[in-house]
Amino acid sequence: MDYKNTLNLPKTSFPMRANLVNKEKAFLKEWEEMDLYNYVLEQRKGKPLFVLHDGPPYANGHIHIGTALNKILKDIVVKYKTMRGYRAPYVPGWDTHGLPIEHRVSQELGDRIKEMSPAEIRKKCEEFALKFVEIQKEEFKRLGVRGDWNNPYITLKPDYEVKILDVFKTLVEQGNVYRSLKPIYWCPRCRTALAEAEIEYHDHRSPSIYVKFRSKDDPNLYIVIWTTTPWTLPANVGIALHPDFEYSVVKVGDERWVIATDLLETFSRETGVDCSEVVEKIRGKDLEGKEFQHPIFEDKTSRVILADYVSLETGTGCVHIAPGHGEEDYVYGHVKYGLPIVSPVDEEGRFTDEAGKYRGMFIEDSNRVIIEDLKEKGILVHASTITHSYPHCWRCKGPVIFRATEQWFISVDHNNLRQRVLEEIDRVKWIPEWGRNRIRSMVEERPDWCISRQRVWGTPIPAVKCKECGEVTLDPKVIEHFMKIVEKEGTNAWFEKDVEELIPDDFRCPKCGARSFEKMLDTLDVWIDSGSSFEYITTREDHPFPLDMYLEGSDQHRGWFHSSIFLAVAKRGSAPYKEVLTHGFIKDELGRKMSKSLGNVVDPMEVVEKYGAEILRLWLASSDYFNDIKISMRIVEQQTEVYKKIRNTFRFLLGNLEDFDPELDRVPYEKLLTIDKWALGRLQEIIKRATEYYDSYEFSKVYNLVVKYCTTELSSLYLDVVKDRLYVEAKDSLYRRSAQTVMHEILIALMKILAPIMTFTMEEVYSHLHEKDRKYKTVQAEYWPEYREDLIDKKIMEDFEKLLSIREDVLKALEEKRQQDVIGHSLDAEVILVPRNDSVKALLEEYRDVLEELFIVSKVSLSDGSGELKGELVEVTAKHAEGEKCQRCWKYTTEISRSEEFPAVCPRCLAVLKGERK
């Protein structure tokens, strides 16, 4: 007789195949139609707020794997916080001013850009930026990221630009903004100043030369310097020695050379010069103020100064000083000693007339010529090349220079700003903790902030220059007047209107009282734009200052986190964030940086269209994102196998709960079967640990916990064990409903735990739940599963640790018999257990009723003899079970039914078939 139709086999419309790409698009459409973002916020009306403030990505191209990682991480945090009961708004933003966009636009326009006005160029830049805002917006939405996509913040919009100017005005009012001729990072290709945050370090080949400067007092005495920038020698005005270092005066032929004693050996090895004859030893301070012949110009001299930054790591301990081309040179040479600032280089990196014979040469090209000239003069000691880490422009990727120009700066020490920022850093929670020291050291060491850019695409600095006396003025009254114009017309007005319209009617030159001005055309560093976002976003509903969290890559310790805290402390008196969470960078599977030249770039949208966004989200959750993360298409594909295991777990749960009404069929805790009580207790432990991991943002631990739970504890243990009860017992029996009650709890809890990560699949699971389990239109509005300690029976949990250890021994014994062809399925077996001691014997006696189910065998008996497999708690012997195989449940029994109505079944199945087993 075929008993298949008498079994309670799983039934579900939840498909085995995910078809993620199409299914995800359907959910995106559904979410759009239901206005998901506002719907979820409405469900948390009146709840406490959690605000993750979005650091704006740059709108100059499609999203890359790094921006995808960042947005998905934020989405996981926001969705988790929502489920924990917070009202968690998320307003995405875009950074839309600045050099990278202007650079791209200038490439597209070519020579035409030379004939265009600043206003026309700005219009093209705006169109370009807004085009990519829309492109990126759709790409982020495709990743399943929930946000206020209809109302993002965009830094080029007038309502945002006004806030940038408002923050800037405060700094001007407080006296933190000044104009000065100082050496700053300068990109000769982009023809603009750069800030620290716009600098990247890459390997670069440079000349490495040793040059001797002749004393004006003693024609045989020389100081030897070392430099990797020969092109800066025309700007030389001094030589720096450390006041306390010992310097040796070495006899070389008829000459005496001054070199730091500790560097003599290295110098001699690198140059081949014999330095063995030391005629005198002196301190650096002994030479202070001495004049030496300029290496390039016969009519100039170079004065010795003292500087404690001089080190003994490389070179000679004698440093050539050019205040026009170096930060320390400026501080020690110009500020401390009053040496002149010489900077004979124009905005394109070519020498000016001041450089004499080198005029018109590009600085890089001049190195070779200058080295030849030094050689001809007989003062070149040695020349070679080195590869070293060197600053490069973030946009064009070319090497930058230090160049002295008139620029606007923010003083980081005026009004004790730096110290106040450091105090605020200590009040913020940094995740990981090392972030605190990283940003602290950057703030402690940073120079004043160069904030002016010689580009048109940015927020203009509303400074004016008096036509009568040449005084350049940056006045809060002018800024405020301009802000009123910006509110209506945007910052383009600065480039479109006459200067008379841009200043108050009663404004006069503070120096000479004249009323005739011209506009200055510098724009603000884009880090001021994005760093002012706290001022704009806190005007939005549900965005109180300070904001709860900033979450970006670890490079933002010197970028957005850095600019934001300086500006917020200046404007509001405190940090703009309570917590800062950082992630690492994405590398290929060999740990290399991604680059087009290596061909190892992974396009997130390619992954999404091939595998689905869910797989990308799962990959991210599997990664320890606090450190650098590896990705390749092979690594992504591995996640598809994990995804299938998780999906199959949910399919099994849904299939076996198809007839379960959570209100009518739920079994109270005290009536649950022992194994089910254990499984429910384990679920509480899973909920507790998952919550702890989410709270500490350790999503990879959530991933590992859930994957192990699904594969090891559910599929291979609990769900395997209860199959017999689910399929074989009477549909409404306590045996079956007890298992279903716990499986229902597992289904709901597991779905909620995974919802922030697997946002699409858990929405699909939610749509297949019993209608009584669906309180909302979306799983994203559900509340987090409650951890209930009262559902953990400590005795059962402790006892099951031992029982599961015994189960491992039983499985080994069964596998041996399977290999010997004694049994096929485990139900073919009988297991004889020999307890190792009385406490184990008592344990097995107590749980005798659950052992057959737990081991999935036909019979378990206890014995005092010895067993074939020696375990820690028991000895195990497995053999083929006696009797005949029940044709319904496949267990062996010696009491097989001979009934004509229900032949060849065991007593349990016979009772079920007759309706006698409840």
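Keep in mind that glycine also has a Cβ here, set from the backbone N, Cα and C atoms.
It should be emphasised that the depicted structure is a prediction, and the values quoted were computed from it without experimental measurement.
Counting only same-chain residues 6+ beyond the ends of the motif ''HIGH' region' (57-67), those with a CB under 8 A from a CB of the stretch are 94-96, 98, 100-101, 104, 128-130, 132-133, 135-136, 139-140, 553, 585-586, 594, 601-605, 631. Residues or ranges marked as motif ''HIGH' region' in Swiss-Prot: 57-67.
Sequence annotations record features per position, and here Swiss-Prot assigns L-isoleucyl-5'-AMP binding site to GLU552 based on sequence analysis. Here GLU552 (L-isoleucyl-5'-AMP binding site) comes close to GLY55, ASN70, GLY559, TRP560, PHE561, THR582, HIS583: these same-chain residues lie at least six apart in sequence, with C-beta atoms under 8 angstroms from its C-beta. In the three-state DSSP assignment, the secondary structure recorded for GLU552 (L-isoleucyl-5'-AMP binding site) is strand.
Residues 65, 585-587 of the same chain sit 6 or more residues outside the motif ''KMSKS' region' (593-597) yet have a Cβ under 8 Å from a Cβ within it. The motif ''KMSKS' region' annotation in Swiss-Prot covers 593-597.
On its own chain, LYS596 (ATP binding site) has no residue at least 6 apart in sequence with a Cβ closer than 8 Å to its own Cβ. Annotation comment: Swiss-Prot describes LYS596 as ATP binding site.
Around CYS906 (Zn(2+) binding site), the C-beta neighbours below 8 angstroms that are at least 6 residues distant in the chain are CYS886, ARG888, CYS889, LYS891, THR893, GLU895, ILE896, SER897. Under DSSP, CYS906 (Zn(2+) binding site) is assigned to coil, being neither helix nor strand in the three-state scheme. Taken from Swiss-Prot, the feature Zn(2+) binding site applies to CYS886, CYS889, CYS906, CYS909.
Listed in chain order, the extra residues whose Cβ falls within 8 Å of the Cβ center of the Zn(2+) site residues CYS886, CYS889, CYS906, CYS909 are VAL728, GLN887, ARG888, TRP890, LYS891, THR893, VAL905, PRO907, ARG908, LEU910. Every protein chain considered, the tally of other Cβ atoms within 10 Å of the Cβ of CYS889 (Zn(2+) binding site) stands at 21. Helix, strand and coil counts from DSSP across the motif ''HIGH' region' (57-67) read 3 helix, 1 strand, 7 coil. The Cβ of CYS909 (Zn(2+) binding site) lies under 8 Å from the Cβ of TYR3, VAL728, CYS886, ARG888, CYS889, SER897, PHE902, each of these being in the same chain and 6 or more residues away along the sequence. Looking just at the motif ''HIGH' region' (57-67), the mean pLDDT is 92.
DSSP labels the residues of the motif ''KMSKS' region' (593-597) in these numbers: 0 helix, 1 strand, 4 coil.
Mapped onto three states, the DSSP output places CYS886 (Zn(2+) binding site) in coil.
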